[in-house]
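S.K.: Dumping what TrEMBL says about this protein:
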DOMAIN    7-358  domain 'Kinesin motor'
BINDING   109, 110, 111, 112, 113, 114, 115, 116  ATP binding site
COILED    859-900  coiled coil
REGION    965-984  region 'Disordered'
């Protein structure tokens, strides 16, 4: 065996342009010459070269035969087809398996770079995995040695968010996924993973098909696209034969075929400037794999004391033997040829360059069968002793790990004691049970005669896997309890209704909340479906509609409508023009790259919004282009709005992608029934408030170069081009004391200023129609700008006003004008930026609590006042009753006085008749009456004076109370119940006031009449 035979073998393969790259007018930046791969930097033309064991050119120079298989255009052409790749790599895997070595083949690269095509293939172009399996069974079928038994088992798993899922099992995995255990001799293994014995390649095909369906369904339910998950297929090949001494020997080989997640997310954890730096479990395996490869490369270069972090992720635990262990390993790195993917492609090439330095120590896995069984029995006995000892300790201990290892060993022993034929029969019976007709069975067979929708996935291997057919009548699509169940993000319980009348199909959303997009446009009412319509349900469930058989054509190009086509169509309706992009210069190239990044970001934005809605986070994400001072798009940013608090953040794209991973982890935890943390520090939807750049305007400085004043109103526009406010700006040339120049000082030729001083004043006078503050009155604004190489200027911040008088003035005095300054004035503009300030949630909450408390205190004070007023009213009513009684008594007294006067009058007449004898007596009586009448008049006048004196403050107080209650009733700060109480009290006060006034007027009238009569009688 050659000395270098245990080094990791590395190959790279470049694919053709995809449709998106063609639309963008991309240029190829990859070239190959033998084993050397060269990448060219599209910005400056610099090249970097890398050498590998194999460099496969699969970009162009090929033809497609009638069966759809790709072949080199000429025998001497550079094109490497699937057969060439298998002959170089797949045969090596097979040879290692026959010799008893463990083997591993894993594909690495960014999403859409062609990993799955190389591993699995597409259509008639089979990849390494199916060809390897097919070739293996060809050799097995040709085996004529009856003493030699060849056994093959197949398992298929997926790793997502550090959880393992068995793809050959339809049932939902246990909480947290399948567990990873470690055996002292066998290493890490997946507990409970189903390993199915197979006897032919057709059975592997069926198992792969079943696994693909389960993977597609799971990705839809969990919002886990294949680009975010790792798939591991393990083929265990066992040879049982008699050795020269007649003993039964077992030679085994584990062949791990790994399709890794998209590499573009490998370094997303800990996005620069993000407070949440720990990253999510979704990318943990991929980032750890990179750390493992780097550590192993360092070891191979002779470095010591290097810790290889195998245990840091599920993937690296399972691949420990493949990486730096007992395995012969091959890595194939898939490359995109497009210039817009330069950074990712260069990263992949460097990754592969490190991997080729890894050294493994593979050994043949062969030992007598009896010895294997004996070793298992001995290990079981040791485990039993440890278990009994642990259980015998007082207080016990955690024996679950020992128990699981014991159970696994017993299972392996049971498998070894069964004959191969018995294991095959068990597998056949299990397969038949799992494939028994169910409520949904048979639907997939109806697609040839019925209209249907088929899924579209980011991974072409998972597209077209699921088909939902529509019989005549109505079919409801929704989350649960309906004819067609789809558990994707944003899918309602009853989402849409599909009606098939035998001639056409119609789809109708069940409510306004049901998101239905057809061919890129939102549909809110009944709509007829046409053959090859593109349908999006919820936020991420994509389907292609295939019409009635009569509508279908042999020339239908179904492959055209892939995931990229859907995303481009959606992006174009967002205003991103991807079809008209040209590559005339570097700026167009940069814009094309931005457009592609925007398209890639769209589905993630939609998923984040749907998760926010489901978790009731009340946060909305919106992608935007950031523009430079010349109005040209320079970057992609994401606007984040809390719809409840009206707080706004602007995140860089990388920060959003990092947060999206954390959001996905949170969502998966909620699906598992775990409680979502409400702590701000752990919430990926939240950040402390920050100042936001709302918009800007450009103030052309050319006039200043001629000593001409600028005095204009400028509209400030945001990233979308919408107006945020209007500002008045004045730039006035002046002398060193700030006094404005005369018209005679105008300069016709700016070069006249060379070497002379320049003085001018910049004034930001007032701002109007500030939309930022209109939307939320608690906000504020200020301005920032930078002139030439002067220090950045910042105005004061003003809150709560939509019209602001800033009255900002800055005097600039430049001692000596240079050519650079003149060039700056003639060719540049002053970028005046409007920035928004926000009150933090805590401060906002404090203010709201304060306002609420103030309202409550005001309400309590008002209620207290009302209670006091009620007491006053009761007292007034009592006083009013007393006044009525007093009035009655006064009337009685007046009546008595009138009677007395009448009686006195009669007496005077009688005395006059009886003569002079009675004169003295009459005079005496008259004087007594006069005195009595005079005394009563004085007493009555005093009583009336005191009464009116006391009643006036009472009437004034009632009047004040009526005014206060009326004002409080009209205030918008009071709640409805308080207003109702105020109205009731106001009504009572009015009644008391009216009664009291009537009473007083009646009293006045009665007294006046009585006094008048008394005077007349005198």
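Note: Cβ is positioned from N, Cα and C throughout, glycine not excepted.
Bear in mind that TrEMBL entries carry predicted annotations, made automatically and left uncurated.
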S.K.: Could you give the mean pLDDT over the coiled coil (859-900), rounded to a whole number?
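M.R.: Over the coiled coil (859-900), the predicted model scores a mean pLDDT of 67.
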S.K.: Under 8 Å between C-beta atoms and at least six apart in sequence, can you list the same-chain neighbours of residue 113 (ATP binding site), or say none if there are none?
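M.R.: In sequence order, the residues whose Cβ lies under 8 Å from that of residue 113 (ATP binding site) (at least 6 apart) are 15, 334, 335, 336, 341, 344, 345, 348.
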S.K.: Within 8 Å of the Cβ centroid of the ATP site residues 109, 110, 111, 112, 113, 114, 115, 116, which other residues of the same chain have their Cβ?
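M.R.: What remains near the Cβ centre is 15, 107, 262, 334, 336.
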S.K.: Find, among the binding-site residues listed as 109, 112, 114, the one whose Cβ has the highest number of other Cβ atoms within 10 Å in the structure shown.
M.R.: 109
S.K.: By a simple count, how many Cβ atoms lie within 10 Å of the Cβ of residue 110 (ATP binding site), its own Cβ left out?
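M.R.: For residue 110 (ATP binding site), the 10 Å Cβ neighbour count is 23.
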S.K.: Near residue 116 (ATP binding site), how many other Cβ atoms are within 10 Å of its Cβ?
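M.R.: Here the count is 23.
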